[in-house]
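Engineer: Can you read through this structure? Questions will come right after.
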Amino acid sequence: MAGAAGSSWSSLLLGAVAVALAVAAAPSLAGDPDYLQDICVADLNSEVKVNGFPCKANATADDFFSGVLASPGAAANTTTGAVVTGANVEKVPGLNTLGVSLARIDYAPGGLNPPHTHPRATEVVFVLYGELDVGFVTTANKLLSRTISQGDVFVFPRGLVHFQRNTGGNPAAVVSAFNSQLPGTQSIAATLFAASPAVPDAVLAKAFQIDDEEVDKIKAKFAPKKT
C-alpha cells in the first residue's frame, strides 16, 4: 500500500511539473517580455528600479532552487480557510526574466480562495488532492464553473475574476502555474474595502447599493487585527 501511495503521489507531482512545463514551452504566450540572455538571477536587494529586477553578478544553483512548496500551508489558521504559498521571482531569484512561476494553494475543509485576479498572468491549477468548486467570470458577466478533483486541471484566463472553494470534508491542495515571474494578485474584497488610503465610503455605497453604515461594517472586517 505504501508503494502504491508513493507512486500515486509521484504521478501527481509529475502532472504538476508537466503543467508548468507546458506554460514555459509557449514563450509567445508569456505574460512577461522575452529574455535576451541565458540567465538573469534577480538582485532583490538592488536599489535600481527596472521592469523586473536587475541581474546579480554571480549566480549559483541555489538561485534556481526552492523547497517552499514541499509542505502544506496552515490553511485552517486563516480567515478564509485557504493559504497561498508562492514560488515566484521573490522566492526563486533564478526565475527573473523567464516568464514563469508556481504557487501552492492549500484549503481547509470549506476553505475559500476568495474572488481575485492576476493582472499579469493566466493561471493553470493542477489538483494534488481533494475536491474544489472553481470558476471565473468573463467581461460579459458569464460565470464558467465546475467541480474539479485529484489529477484535474483548470485554467483561469489572465485578468479575469476567479475563485476556488473546497467543497469536501477533507483538506485540498493544488499547484498553480503562471506565465509570469510575478503574476500579482488583487483580491476583490480586500482591494475595495482595505485599500490605503481608503476608497471613499460614498463610492462603495453607490457601487454596491448599500448605505455608509454597511460600508463601515465591511471595512471593519478587513481592518488589521490589533495585537
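Think of each number as a place in line: the chain as shown, counted from 1.
Cβ coordinates come from backbone N, Cα and C, glycine included.
No curator has checked TrEMBL annotations; they are predicted automatically.
Pasting the relevant annotations from TrEMBL:
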- 1-30: signal peptide (SIGNAL)
- Cys40-Cys55: disulfide bond (DISULFID)
- 66-216: domain 'Cupin type-1' (DOMAIN)
- Asn113, His118, Glu123: oxalate binding site (BINDING)
- His116, His118, Glu123, His162: Mn(2+) binding site (BINDING)
Engineer: For the domain 'Cupin type-1' (66-216), report the average pLDDT of the model, please.
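Structural biologist: Taking every residue in the domain 'Cupin type-1' (66-216) and averaging pLDDT yields 96.
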Engineer: Cα within 10 Å of Glu123 (oxalate binding site): which of the recorded positions Cys40, Cys55, His116 qualify?
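Structural biologist: Those near Glu123 (oxalate binding site) - Cα within 10 Å - do not exist; the answer is none.
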Engineer: Drop a 10 Å sphere on every Cβ of the disulfide-bonded residues Cys40, Cys55 and tell me which sphere holds the fewest other Cβ atoms.
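Structural biologist: Least crowded of the disulfide-bonded residues Cys40, Cys55, by Cβ count within 10 Å, is Cys55.
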Engineer: Of His116, His118, His162, the binding-site residues given in the record, which has the fewest other CB atoms within 10 A of its CB?
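Structural biologist: Looking at the binding-site residues His116, His118, His162, the Cβ with the fewest others within 10 Å is that of His116.
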Engineer: Mind giving me a neighbour count for Asn113 (oxalate binding site)? Other Cβ atoms within 10 Å of its Cβ, every protein chain shown.
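Structural biologist: I get 26 for this one.
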Engineer: What Cα-Cα separation, expressed in whole Å, is found between His118 (oxalate binding site) and Cys40 (disulfide bond)?
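Structural biologist: That separation, Cα to Cα, works out to 24 Å.
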Engineer: Among all protein chains shown, how many Cβ atoms are found within 10 Å of the Cβ of Glu123 (oxalate binding site), not counting that one?
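Structural biologist: The Cβ of Glu123 (oxalate binding site) has 24 Cβ neighbours within 10 Å.
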Engineer: Can you name every residue in this chain, apart from Asn113, His118, Glu123, with its Cβ inside 8 Å of the center of the Cβ atoms of the recorded oxalate site?
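Structural biologist: Going along the sequence, the neighbours come out as Ala103, His116, Thr117, Val125, Phe156, His162, Ser176, Phe178, Pro183, Thr185.
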Engineer: Show me the subset of Cys40, Cys55, His162 whose Cα is within 10 Å of Asn113 (oxalate binding site); these are the recorded positions I mean.
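Structural biologist: Near Asn113 (oxalate binding site) by Cα: His162.
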Engineer: Determine, to the nearest whole angstrom, how far the Cα atom of Cys40 (disulfide bond) is from the Cα atom of His116 (Mn(2+) binding site).
Structural biologist: 30
Engineer: Provide, as an integer number of angstrom, the distance between the C-alpha atoms of His116 (Mn(2+) binding site) and Cys55 (disulfide bond).
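Structural biologist: Spelling it out, the Cα of His116 (Mn(2+) binding site) and the Cα of Cys55 (disulfide bond) are 31 Å apart.
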